[in-house]
């Protein structure tokens, strides 16, 4: 290779300062492009392994030539210049070979990169296609899920059952031979039948609407006719007023009252209806009326009107409210007044008794508490002289107390009210009963209200059956209460004058001559009764409640004085009075130290039925007092006389007794046998 390269002549290079012509430049470019492309083609034909071996060989030759040149130069002889030149030429040839190999390597590298880039582009294209396919798969899966979860409108339609469908649907819709085995066709057929039924119902609906419009037109015509009749009827009613007054048939007044009753709250309305029905059916003397402002009652049901004030007025109001801010006490008072507010209308019942006395009952309804209250007043045909001891008999606070046992009307019957009271600081309703009335349980029942204690409810509906079941019994109890109180009122007037009134029907219960007499009859307070030493057993037994009335009677005969403490239950005369005795004669004697005093108490407390007299037993109290006078006579007359004392006996025996004493306790004969007129033991 070195000999061939040395024989070749170097090409001449012509350098010139001027710029080559255009034709020469184009020809050189064409040659370069051809050479470049020939090298690229040669790269495809050459083996990279052989080029690598050629590269290693060329490098070794260059190393060898460089070493020889260095050795020749180190000798320093003149003959070696030609050899050095030859070796230099050979080295240049090897350098040309390395350059060519370098170019080929770069071309291979470029082709490899291009191929790698093309392969990468293909991989990216395939990856993008894969991503697109995965997205399409995911989208299709979502659509499939939506399709599976899709609920058709027909599933919300309540179709008829299969039995009803095949029994009622016509054959052209049911198609039993097709739909029996195909659920899809069966559902379509059922939907067709549903559509057919709805079309029929729609047709019927249109017919009903047309009929409704016709009926409405007829109603309007009749309303116009009736409205034209109203003025005529009013004139007829106005003209018939004198006839109604003459025949005692106040139809116009009753009509107005019924119109007013429409504005009553439900409990008062139930009371009004049931009391009116009871008066018409059972008691003609019972009169029912409505009092109060109808306009205020109507205003309760009207929605508040929106008032739009000017800005100046609103600013003035804001300034006033900021300047005058109510205190906490004023706010609580306003809340209490609002909670205890009564309905504007009330129901008045006038219950007439046999002696022409009238019990006036005014029923109120507390709207926020949902309870009813009552105020009572008794009027008599003749003005009564009120004795001192009868002051509480006809008082509105006690005349209706305990009409039913335990119903004193001092606390609310609605358990839910206590929670309402706690919010506004009301401890009990007792402080407001004089102003509002008493919320007795029987009043709630007359209004149809029932409050269960187990489950307190804020709202309780009025029930007509509840009112009707208690109306008759309550009216009878009210009449009995008024008659018994009036009878006691008259009896107390005599008792305060020391006279025990005994009617002719009860004269047979006592002997003809009674020496002991009543000298004092007075009312006493509950606290004073509790302090008496001979009434402790009554107090401990719980018979001395604060709703009872307490009296003290003093019976005298000579030096003997008998004190009788009387407990009068509000339910008198159904519940008898209870007596406790204390005899001051030869010492103080009570039921704790004298068996005969205990026997005297038993005669009036236990054997009271003998003293009731004719019904309704209003003479029981006076008969008991008269019996006490007789018992004191027997006690004193049967007492043994001390022989050491000279002179006549203080209490000579005037009563006929079969036997003066009996038993070791020396009991006296206190039982009076009225046909024979003698006394005996029980």
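Cβ atoms here come from the backbone N, Cα and C positions, even for glycine.
Annotation source Swiss-Prot lists coiled coil at 81-247.
Annotated compositional bias 'Acidic residues' per Swiss-Prot: 306-319, in sequence order.
Per Swiss-Prot, the feature SUMO2 cross-link maps to 153; the stated evidence is similarity to another entry. Within 10 Å of the Cβ of residue 153 (SUMO2 cross-link) there are 7 other Cβ atoms, across all protein chains. Residue 153 (SUMO2 cross-link) falls within a helical segment according to DSSP.
Among the features that Swiss-Prot reports, N-acetylserine is placed at 2, with the record citing similarity to another entry.
The phosphoserine annotation in Swiss-Prot covers 5 (among others).
Per Swiss-Prot, phosphoserine is recorded for 6 (among others), and the stated evidence type is similarity to another entry.
For 225, the entry in Swiss-Prot reads phosphotyrosine. Counting only same-chain residues at least 6 apart in sequence, none has a Cβ under 8 Å from the Cβ of residue 225 (phosphotyrosine).
Marked as phosphoserine by Swiss-Prot on the basis of similarity to another entry: 307 (among others).
What Swiss-Prot lists as phosphoserine is 312 (among others).
According to Swiss-Prot, the phosphoserine annotation covers 314 (among others).
The phosphothreonine annotation in Swiss-Prot covers 327 and is backed by similarity to another entry.
Swiss-Prot lists 1-42 (among others) with the feature region 'Disordered'.
Swiss-Prot lists 2-144 with the feature region 'Interaction with CSF1R', giving similarity to another entry as the kind of evidence.
For 2-199, the entry in Swiss-Prot reads region 'Interaction with THOC7', with the evidence type similarity to another entry.
Residues or ranges marked as region 'Disordered' in Swiss-Prot: 300-334 (among others).
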Reduced DSSP assignment, residue 225 (phosphotyrosine): helix
